[in-house]
Amino acid sequence: MGFSGSRAWSKWLTICLAITHPFSVTAKSAADYYVHSLPGQPEGPLLKMHAGHIEISPETSGNLFFWHFENRHIADKPRTVVWLNGGPGCSSEDGALMEIGPYRLIDKETLNYTEGSWDEFANLLFVDQPVGTGFSYGSTEHYVHELDEMASQFVTFLEKWFEIFPHYEPDDLYFAGESYAGQYIPYIARAVLDRNKKQDVQANNRIWNLKGLLIGNGWISPQHQYPAYLPYVYQEGVVQAGTQEANLIEAKAAKCMKELNVEDTTGTVHIPDCEDILQAILDYTHKGKRCINMYDIRLTDDYSACGMNWPPDLRDIQPYLRRKDVVKALHINEEKQTGWTECAGAVGSSLKARNSKPAVELLPGLLEEGLPILLFSGQKDLICNHVGTEDMIKNMKWSGGTGFELSPGVWAPRQDWTFEGEPAGIYQQARNLTYVLFYNASHMVPFDYPRRSRDMLDKFLGVDITHIGGDPADSRIDGEKGPTTSVGAHPNSTAAAEREKEKLNTAAWKAYYKSGEVALVIVAIAAFAWGIFIWRSRRKHQSSGYRSIYPMLGLNSTGSLGQISHKHSRRNGDIEAADFDETELDDQPSQAFLSRSSRDGDAYAVGEEGSDEEDGASDGQQPMFDQSRGEEGRS
């Protein structure tokens, strides 16, 4: 081609790379989030996982962290359960590593499988939210203050998550969580349903199939749950009525009732005068250096932690999630994270919901729109006790009835639930609402009873293993066996395996298409530049043609770009989808090539260790509880 032609080609190539560089840096695919190995993992094949940050607010560097586990088996259809812990400001890695996830820590370095984990027939998506919680990060000046802000932030996250993982978007979608997630989940559900009604969403056929909500020991209705503290501790014998201390607690309860006795409930999600009731109860139980555990009244804890040091797994989780190899495996942005903490006091101090109504006011509308909701309670939890939840249900009106009325004055019966021959709890249901009371369980029901909680989940999701295989669990309601469920690992039937294979093959092409959109732009720009160059070359060197550039590009004499593209398309499609063959990973470009640049800055944090006391004092109030567990302590 000659020196001038070579120089021209080099110039055009430089221009193309300059134009396409921003796209190649910022675009991410599923491959960037794939967890290749997990430190301390048990023997056996690694579960299919993705983890990392998704930017939801570039202007504030707001990023939410997620950890996704693909279901081990598919029953009759694909389902995704999104799990949120509460706080506000407490990490959903509590749920991942202590409750419903497939792994639990034996010690600071070793993981073990959990029998009864929720990923048997459902994909699990754990999200640290809102911004500032757990591994999530962003400008501290832009932490959310209201519940509708939180819900909007989360919908943005889901939009972006489904762009990267489009093969999960058609799944039946469920939101689950506990404690302050009783505020999060109804607000998020409302935002999702409103989103689905928008014309542009319907036109693009991107409606999310929201199928149900599960809330455990939820903080949902302060109007019913604050006043329930006294009846609960009297009923459980924690406080003796008529004593001087009991009279003091009753005086605080009376003061709280004045705060609650208002027509406009805006701003009543968190009431300091009402929080004093719980603190007075804990003070009453203070004996020596011990006090009752507010999350499990059968236990005690150091005063004034009173449950903040529980569960015992906590002492292993923080060191594990701060290990450099774990941080790397989960694709944590090392420039931003300053060490995982269970609860971020700054998030709780910011999210006071002073202009938000309690989530209980959203429940009737959600139920009337046909959305099934399951509320479950651990019998021995004090902070979000079952007496308050039951009182809330009793007084809630929806679909032409009050509480669990089947008809005027006729209530749905409380049905006895037995699991593997032992009394497990009570079921009660009517008009899309189900309530489950777990006997002898704490604030974190799945921590105590993972297999029973999985049985509850499978019943709610409608999983029936009759045509799948496996040993059924002996679970009965009023002595009757319902759909056959299983809470142990088992093989799928051939038919189910074929359905899963077909789903994953489809997923591969969808993910390839999504991640290839940016590549298409790059190819189009390069093709345009190529065309201009060829046109100019033909004019200048019409006699010699342009074959001489082939060796430079590694092409054959046909000038076909398609052969290189075809050679790599299948392999790239596989790794960018969720369907991974780990033997293919050795053939992929280096991690340095796949890595993405990250912003630098000192104004962002992920709940620095030791910052909680400062966070708690930021609004001028002395926090009731140790900020390491969140101001309300409702994790």
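Each Cβ is built from the backbone N, Cα and C atoms, and glycine gets one as well.
Secondary structure from DSSP puts S179 (active site) in coil. Neighbour density for S179 (active site): within 10 A of its CB lie 30 other CB atoms from the protein chains shown. Under the heading active site, Swiss-Prot lists S179 (among others).
Residues or ranges marked as active site in Swiss-Prot: D381 (among others). The DSSP secondary structure for D381 (active site) is coil. Sequence-distant contacts of D381 (active site), defined by Cβ-Cβ distance under 8 angstroms and a gap of at least six in the same chain, are N217, Y295, D296, I297, A441, S442, H443.
Sequence annotations record features per position, and here Swiss-Prot assigns active site to H443 (among others) based on similarity to another entry.
Taken from Swiss-Prot, the feature N-linked glycosylation site covers N112 (among others). Cβ neighbour count for N112 (N-linked glycosylation site): 14 (other Cβ atoms within 10 Å of its Cβ, all protein chains included).
In the three-state DSSP classification, N432 (N-linked glycosylation site) falls within coil. Taking Cβ-Cβ distances under 8 Å and a sequence separation of 6 or more, the neighbours of N432 (N-linked glycosylation site) in its chain are L367, G370, L371, P372, I373, S399. The N-linked glycosylation site annotation in Swiss-Prot covers N432 (among others) and rests on sequence analysis.
If you look up Swiss-Prot, you'll see N440 (among others) marked as N-linked glycosylation site, on the strength of sequence analysis. Every protein chain considered, the tally of other Cβ atoms within 10 Å of the Cβ of N440 (N-linked glycosylation site) stands at 15. In three-state terms derived from DSSP, N440 (N-linked glycosylation site) belongs to neither a helical nor a strand segment and is classed as coil.
Feature annotation from Swiss-Prot assigns N-linked glycosylation site to N492 (among others); the stated evidence is sequence analysis.
What Swiss-Prot records for 472-497 (among others) is region 'Disordered'.
What Swiss-Prot lists as region 'Disordered' is 583-635 (among others).
The transmembrane segment annotation in Swiss-Prot covers 515-535 and rests on sequence analysis.
The local packing around H443 (active site), expressed as other Cβ atoms within 10 Å of its Cβ over all shown chains, amounts to 28.
N440 (N-linked glycosylation site) sits 18 Å from S179 (active site), taking the Cα positions as reference. Recorded residues N112 (N-linked glycosylation site) and S179 (active site) have their alpha carbons 26 Å apart, per Cα-Cα distance.
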